[in-house]
Amino acid sequence: MDPELLELQRQLEAAQSARSSVRLSERNVVELVQKLQERGIIDFDLLHTTSGKEYITSDHLKHEIKMEIKKQGRASLVDLSDTLGVDLYHIERQSQKVVSDDPTLMLINGEIMSQSYWDTVTEEINEKLQERSQIALAEIAAQLHIGSDLVISILEPRLGTIVKGRLEGGQLYTPAYVSRITAMVRGAARGITVPTNLPSVWNSLQQQLQEMHGASGVSVEGSFFQSIFNGLLKEGAVLGSIRPGGQWTPAVFAHAQKESVDAFFSQNSYIGYDMLQKLAIPQPKQYLEARYPDGIALDAVFVHPSVVDMLDTAVGDAIENGHWIDSLSVLPSYISGPDATKILSICPSLQKAIKSSKAVVFGESCVFSNVFIKGIFGRLEKDMDSFGIRHNVGQGRSVNMNLGSEHKAGSGQYSEGKDLVDNDTSSAGVSSDRGSKKKRGKGTGSTKGGSLEKDDDNRESIPVKSKKAHRKNKDAGSSGDVKHGGKKSPEKMKEENTNIFPDELIEQKVLAVAPELEELGGNAERRRNLLDNLQKQIDEAVLDMQLYEKALDVFEDDPATSGILHKHLLRSMGTPIVDKVLITLGKDSKLKNGMEVEDGEEEQVRLSTADRNSLVKDLPGALSLKAQALIEALEGKRFDSFMDALRDILEESGLTFKKLDKRLERTMLHSYRKDLTAQVSSENDPVSFLPKVVALLFLQAYNKALQAPGRAVGAVITLLKDKLPASTYKVLADYHSTTVKLLALQAAATDDEEDCTSDRMREKKEDLEERLMPELKSLVLGTSKE
């Protein structure tokens, strides 16, 4: 070591060990320091400690503050004041300088914290997070004694680096947990097929998580689910649209909406607004107008332009041939009077005819050619000639011939005018058969125009008053004329002229000339209601039959069982619909011909073959042939042939045969499965239980609905052998054999049966009820739930 340095150390040690001959008191030291400060020898601040016995410089205080922070990474100003023995005021001033000089430090809420401290803390948080998968920020804030906002500001820049997790909605999650929640959200969103409120879905997922984690699990906020869902939507992992309020419409539903609307509209050339409302389409009228710009929006339905073309052709044909037509007989049944008026108003042929005074509209739906009307007037004028009053008309005097203004159809006033007349009066008339919609392009008006040229001998005579009465009236009239200067007043002349024919008599004469106008009465409305009711029943029955028909394909390799099933469907499902169709078409034919029929439902009526053949004979032409073919198919052996015959007669009669598409089939099968499962679960009769449980097992195995009679159950069970677990099949086979034995014992039992037979029956029944039925229910319903 340097000798000079050694010498200095020696001198310092000697000075320290030497005794001072002069000692200063604390007061002298204070005064000395003050003198040094006054003379400027001490040119820096000296701070007093809280004890008052020590001085400390600002630089040294800052140094000690830094040292304290370095020890723990975090220091409270209050704690520093106690530890360093310096007044809090000085601590705060120097701490602010320390923090301002060092960017790695921060002063928050009376505490100085270093970045290294937060790095250490976040590492500890990350370790805990990986152990628990999720941590609430409130829990972290409570442990660190800081606010949640500060926790967020500390964690956010360290996410993905020190902290391996995701911060969302007041919770901190691990990537694995986020992936798990994402999978749940994605699965739930993809599983939704109808418009759904997302908050309700998030509530369901929260309940599911709580059931999985129990009380220890942290409740996931709905905002976290929503955030993940928004991310999936943005990525295209889920498809659809979301409206304010969390209303989610999946793309599959929107696609199904579009397909349903397109399919129905293309097949039927119309669609009702109520159907769109059932499909959850708001503002259906505006939706259809935007989707089909060429379509026509009516009050109740939206129709294709072909409907107008069809009516225009029929109306033009009726006007050209001098006939009349009720547009409701041409238009589909779903179009009512006001909508028929609107369609008529845009028919080019009618507008042209009205402008040229070739046609006139009565009521809401009836179009009469002027040729037809003039023919009726001509016949009535001939009747007036027989009374010698032709000159009244010839002289231009008005005769009240409203052509049935008081007619029971309420068909409105006659007008050769330019606009639709008296549209507020209702017309329920149907001038021709509603059937054969495929022939609507050809005029559908009355073809009885030739009746105007019948011999006058067939006309009815008009009753007249006796000569005495006539004379009396004449004398009274003469006296009145003399009294008033020998001239009748215009009002009296008008009254006499307008009362020549009572309205009832005019109606009788018009119907005598044109009996087809009788259809404008209540029969037409009854026909429409009759066929509409039949259509509703047919729609349901036809879909059910198509659903059960699909199961027949499974038994094509077993001709015996296949034949049994075909005949069973013909008898159980075909017979009721055939009887309903024949009875309804028979009523419709009578109403069309002006005959009265009794109102009433014949749903429970079961016709014999002779009854059906009798009804067929009363049907007109082609409809009769189609009906006969339907009866032959009903008595045949193939259900598919019967369905073809049913389709033919429905088309011939103007009714529709609704096809079963895949989407509707899935819906019906789901409903059928649910209903059948409930029946199996609640059934207590051991014999009735067997066909139901066999149908449910067949549905589970083949996803098809089956209707099988008792004698085919054994064959169905054999077919299911390879489709069922061995344990289930064994119980099912035992159940079937025991049921067969029970039924055989019941069939052989007589009033004088022996006790042993009764005991055996009781034994079989108890075996079914107490052992086999509960076991089979458990096996089948457990499989159904899965």
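The backbone N, Cα and C atoms fix where each Cβ goes, and this holds for glycine too.
Feature annotations, courtesy of TrEMBL:
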- 517-551: coiled coil (COILED)
- 451-462: compositional bias 'Basic and acidic residues' (COMPBIAS)
- 481-496: compositional bias 'Basic and acidic residues' (COMPBIAS)
- 4-288: domain 'E3 UFM1-protein ligase 1-like N-terminal' (DOMAIN)
- 531-660: domain 'E3 UFM1-protein ligase 1-like' (DOMAIN)
- 665-779: domain 'E3 UFM1-protein ligase-like C-terminal' (DOMAIN)
- 398-496: region 'Disordered' (REGION)
Structural state census, the domain 'E3 UFM1-protein ligase 1-like' (531-660) (DSSP three-state): 96 helix, 0 strand, 34 coil
Secondary structure content, the domain 'E3 UFM1-protein ligase-like C-terminal' (665-779) (per DSSP, counts of residues): 96 helix, 0 strand, 19 coil
Overall pLDDT for the domain 'E3 UFM1-protein ligase 1-like N-terminal' (4-288), taken as the rounded mean: 79
